[in-house]
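Enquirer: One structure follows; several queries about it will come next.
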Amino acid sequence: MRFEELLEQVGGFGPFQLCNVALLALPRVLLPMHFLLPVFLAAVPAHRCALPGAPSNFSHQDAWLEAHLPREPDGTLSSCLYFTHSQALPNTTFWGADQSPGQLEGEPSTAPCPQGWDYDRSEFSSTIVTEWDLVCEQKGLNKATSTFFFAGVLVGAVAFGYLSDRFGRRRLLLVAYVSSLVLGLASAASVSYIMFVITRTLTGAALAGFTIIVMPLEMEWLDVGHRTVAGVLSGTFWTVGVMLLALVGYLIRDWRWLLLAVTLPCAPGILSLWWVPESARWLLTQGRVEEAHRYLLRCARLNGQLVGEDGLSREALNKVATRERVVQRPSYLDLFRTPRLRHISLCCMVMWFGVNFSYYGLSLDVSGLGLNVYQTQLLFGAVELPSKLLVYLLVRHMGRRLTQAGMLLGTALALGISLLVPSEMGTGSIALAVIGKGFSEAAFTTAYLFTSELYPTVLRQTGMGLTSLVGRLGGSLAPLAALLDGVWLSLPKLTYGGIALLAACTALLLPETRQAQLPETIQDVERSAPSSLQEEETPMKQVQD
């Protein structure tokens with residue numbers, strides 16, 4: 001007997017499953033609010049050297065500034081240098097327009113800002129940039145905060161993936177909630193850049209628990225026919241978080257209060273775990289039959305299924321538990337011991353790296369579109385709604401594999417075409433950026449659904465942890481890749497698009513999982529393998545809708 005047969009008795013989709021999805025909505029909303037928080041938290045306002053006697057109003061057109069600040073080669077007043085001796089003429093420039101090459105030795109002397117910077121606070125009252133002067137020579141430290149955060153998510157994905165397969169989904173979800181709350185509060189109270197980086201890195205590790213526990217915990221209570229609906233619905237909560245971040249960022253302009261606003265909702269999340277059920281699939285793989293029986297009866301009662309105490313006999317549950325029981329504790333090495341799982345794991349690692357690298361490369365770059373940061377964030381969030389609908393339709397009719405590859409290919413094409421569009425075409429640039437963001441979000445949504453269906457129950461969290469680890473490596477490198485514009489302005493987009501194209505090709509090597517029962521043991525995965533890994537006619541045992 002398989003777990004699907006038990007689930008059919010108690011109801012594979014009903015009020016119980018909808019309640020579970022609703023209870024697990026909060027982590028999905030909070031994740032983008034933390035992951036995309038650097039858009040506001042680490043925003044770089046206009047700035048210039050703090051000089052004695054500077055006018056109170058912040059304007060680069062003021063004649064006083066013309067006499068004290070040199071110009072960069074692009075004609076803008078320098079944000080990092082000042083004239084050591086003020087110039088008598090307001091049109092004096094760093095690269096004097098009226099100077100001939102023979103006059104360069106008479107060029108006015110400049111130096112780095114000696115007394116810090118003055119910031120334009122019309123848009124942000126405070127960010128970590130203004131708090132610790134992360135500009136000019138220190139601008140790399142600003143980008144590094146996102147890299148350290150995603151490095152924490154990377155490490156946390158490994159830990160939570162392994163531990164939740166050993167100790168259960170629900171217990172580790174509580175750990176994720178509590179540690180996210182405590183570390184988020186500590187980050188908001190940071191008194192130095194070092195303290196902030198350390199606490200944000202640890203917060204990223206804690207939030208990783210949400211990324212790899214929530215989706216499998218939902219999927220393991222659903223029948224085959226409704227996994228797609230629930231997966232897309234769950235992904236919609238991420239979109240709500242992206243749009244909500246734009247609103248919260250607009251209302252709260254101080255970085256400390258903003259960080260508190262996206263952290264404090266963890267408190268009610270801790271209370272909500274009282275009603276979140278443990279995965280009965282996982283309990284049976286651990287031989288914990290009585291607990292699984294209790295949750296299955298609760299599911300049947302809420303779904304209105306007439307199942308008495310003897311309807312789900314202990315004998316039937318023991319048969320399922322015996323079939324699925326884990327002989328050895330799961331480990332990451334198990335993902336590579338057998339040919340089929342090794343193939344799946346390697347392909348998923350490449351795919352997840354490309355999905356994260358391109359998604360965060362697009363999401364964290366909200367400049368250069370002719371819109372303010374709030375409008376851009378709201379627009380990037382709004383485009384995710386039709387992306388979810390597109391995923392829902394495509395995965396049901398085209399399957400997971402082609403949808404995943406198609407969305408990544410769309411991301412790569414949008415980035416590639418944007419390189420050919422002149423920067424003067426503001427509308428065209430905005431449209432391509434939004435389209436690319438939509439495709440990248442669709443690829444992200446599909447990746448969670450697709451990957452959770454590829455791994456067996458006994459290794460599902462471990463597999464999600466591994467792929468999330470590699471994915472977060474891509475996310476941590478995405479902010480640093482933006483610094484490649486110092487080498488060539490188009491190099492960051494070219495890099496994002498190239499990696500997305502590679503991930504699209506790799507996704508085509510994975511087996512299709514549409515209408516397939518979730519594999520429960522390693523043997524299920526290996527038995528489902530066709531004679532050749534390239535043959536995908538029947539990747540797993542097929543069932544009817």
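Every residue gets a Cβ built from N, Cα and C, even glycine.
What TrEMBL says about a protein is an automatic prediction, not a curated fact.
As annotated in TrEMBL:
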DOMAIN    76-515  domain 'Major facilitator superfamily (MFS) profile'
TRANSMEM  144-163  transmembrane segment
TRANSMEM  172-191  transmembrane segment
TRANSMEM  197-217  transmembrane segment
TRANSMEM  229-251  transmembrane segment
TRANSMEM  257-276  transmembrane segment
TRANSMEM  344-362  transmembrane segment
TRANSMEM  374-395  transmembrane segment
TRANSMEM  402-421  transmembrane segment
REGION    522-545  region 'Disordered'
Enquirer: Does the structure show the transmembrane segment (344-362) and the transmembrane segment (172-191) touching, where I'm treating 3 or more Cβ pairs under 8 angstroms (sequence separation 6 or more) as a contact?
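Expert: No; fewer than 3 Cβ pairs under 8 Å.
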Enquirer: Against the transmembrane segment (257-276), which of these stretches has the most C-beta pairs under 8 Å: 172-191, 197-217, 229-251, 374-395, 402-421?
Expert: 172-191
Enquirer: Can you check how the pLDDT averages out over the domain 'Major facilitator superfamily (MFS) profile' (76-515)?
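Expert: Within the domain 'Major facilitator superfamily (MFS) profile' (76-515), the model's average pLDDT equals 84.
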